[in-house]
Amino acid sequence: MLMRKVPVFVPASPWGLRLPQKFLFLLFLSGLVTLCFGALFLLPNSSRLKRLFLAPRTQQPGLEVVAEVAGHPLVREQESPPNPAPAVPAPGEDDASSQASARRRKGWLRRTHPTGTREMATAARSSGSSALRPQGATAPRPQGATAARSSGSAPLRPQEPSIPFSFDFHAFRSRLRHPVLGTRADESKEPQSLVRAQREKIKEMMQFAWQSYKRYAMGKNELRPLTKDGYEGNMFGGLSGATIIDSLDTLYLMELQEEFQEAKAWVEENFHLNVSGEASLFEVNIRYIGGLLSAFYLTGEEVFRIKAIKLGEKLLPAFNTPTGIPKGVVNFKSSSIRSWGWAMAGSSSVLAEFGSLHLEFLHLTELSGNQVFAEKAMKVRLVSISWQVRNIRKVLRKIDKPFGLYPNFLSPVSGNWMQHHVSVGGLGDSFYEYLIKSWLMSAKTDVEAKDMYYEALEAIETHLLNVSPGGLTYIAEWRGGVLDHKMGHLACFSGGMIALGAEDAKEEKRARYRELAAQITKTCHESYARSDTKLGPEAFWFNSGREAVATQLSESYYILRPEVVESYMYLWRQTHDPIYREWGWEVVTALEKYCRTEAGFSGIQDVYSSIPSHDNKQQTFFLAETLKYLYLLFSEDDMLSLEDWVFNTEAHPLPVNRSDSPGRVGGQL
Ligand code: DMJ
């Protein structure tokens, strides 16, 4: 019989184990522990276990980083690194196609909202989240208003990690000073009034424009009413549905409930971001992001917030230039960027384009939370969305300006002006608009924007403003000191802008600016009144004895632009002079007579012909802006009150920021 030899000097353990066995057991145990610890690293970032044991040392908001902007001194900025390498989702990665990182992003998106889809919204509602309705509204509202709360309504799932950011939609709504759609005092006082009938007529026009688009072009960017089909265009990088997203807030405002629901359903189900074309940074920002942000602020529907943020991420590569001044075109697939070929042979960024991002980008920060956005969207480096636009401001503040004027073309590489053409119309326009609106949107804390606006206006007044022999006030264009005595239709927004900014000007300038706003608006009205159709041309001149008329056919077209009625709306709100409603109604009548076709509204090729031919395009801004401003012109002042809202340059209302959130910009950068 084989007997195992037991060494006498090795006592048995209390568990009956001998030393070699104990050693083996310990070896096994320590191997197990090492394996478990190593496995932690393989867990997704959102895992609670991982965060518990491997707490990341991320930078906290408020930490200062120092960035060098090429050609400029060191830039000190809150929460912001140098202009980074593009840190957006990998090409093609988005809500439809992203894989692992999308799952990671979903983690934080879910944390701040009860829903990303309609089904989830429904679930949130049925789980008891209170329905939001426009405050003080008496009439039925679009169902979009019955939105789930952004935070606090749906309890976070126990396994969901918390994040330092959440947007409190209820708190935001409670900070508004007026019901979103107003109190409709006029409706109860005078239910059959003329103004109400006029408003209803404009609503019918919107309904017709929408129905026509829906019937012939649903999902395409624009309707072609003559050929009864859709058109995608080449500005949106392959994104679709520009008319839908541009229309959301107008439909909501006019209480076109069914139509609003159709538009919202399309966004939920069909608005895909996995596109791969070249997009205009400016157009995508003002139309898509502006439209989505407004739709969110009006309804609280999470789908709009999420899509806006994700689209914002896709635009970030545009800022990857030595100066941080973005280029105008982004390739959604490769993230490569370029300037428009027409902008000084592809060397320049355009003032109106890079100068019209501020409002939307601050709200993207407000709704995403800088740190989370940076961590997830940028993967590694911490970059706040609003830093990008703050940097633009910094560059413009420092650069030498000829006579205090801002030329239209700037090199994003050197940070120098590329020529000296100054215009308050095309190429320059909304840069000035965003200065005064940044001041207003910051609840009058962004002193830098205010100062830049009044300084620029002063220079415009000194060098560009003119009065024609016939007594019409106009803003000319400036080419290195020589004036072109013309105004573009686009420049006609300036009447409204100057009216809007008049109240915060130095006291001795206030009356002057009010008067200037009225005079410019009158001139723009003249450009309409002097045409056969009572619609205004694309550009009008003041020379050779002719005033406020186009001088060639190539400038005689009207493409359903809003700028003139936009100024009527602001002037009406400021003065309540009935002339603005009269002028607005002239436009309604002319649109009906010359632009309405069997299948939608169309621009016309010659405003001086009483039988004009149509251009076969129902522009998205007709629904976003022209009809919205007309509707507001015939509404009470507390509908989208200017105390609570600023309109972006595509007429999408964005709220004045009265919170202490990161999106809020003070005067100092
Ligand atoms: C709109 O897209 C915007 O208003 C933009 O600022 C320039 N103009 C068009 C409409 O005319």
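Residue positions begin at 1 at the first shown residue.
Note: Cβ is positioned from N, Cα and C throughout, glycine not excepted.
Source: prediction; values computed, not measured.
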As recorded in TrEMBL, which of C524, C595 forms the disulphide with C492: C524
When distances run from the Cα of E563 (active site) to each of the recorded positions D429, C492, C524, T649, the nearest one: C492
Under 8 Å by Cβ from C492 (disulfide bond), counting only residues of that chain that are 6 or more apart: I520, T521, C524, S527, G536, E563, V564, E566, S567
Nonlocal residues around D429 (active site), in sequence order (Cβ under 8 Å, 6 or more apart): A352, S423, L490, A491, F493, S494, T649
All-chain count of other Cβ atoms within 10 Å of C524 (disulfide bond): 30
Other C-beta atoms that fall within 10 angstroms of the C-beta of E563 (active site): 25
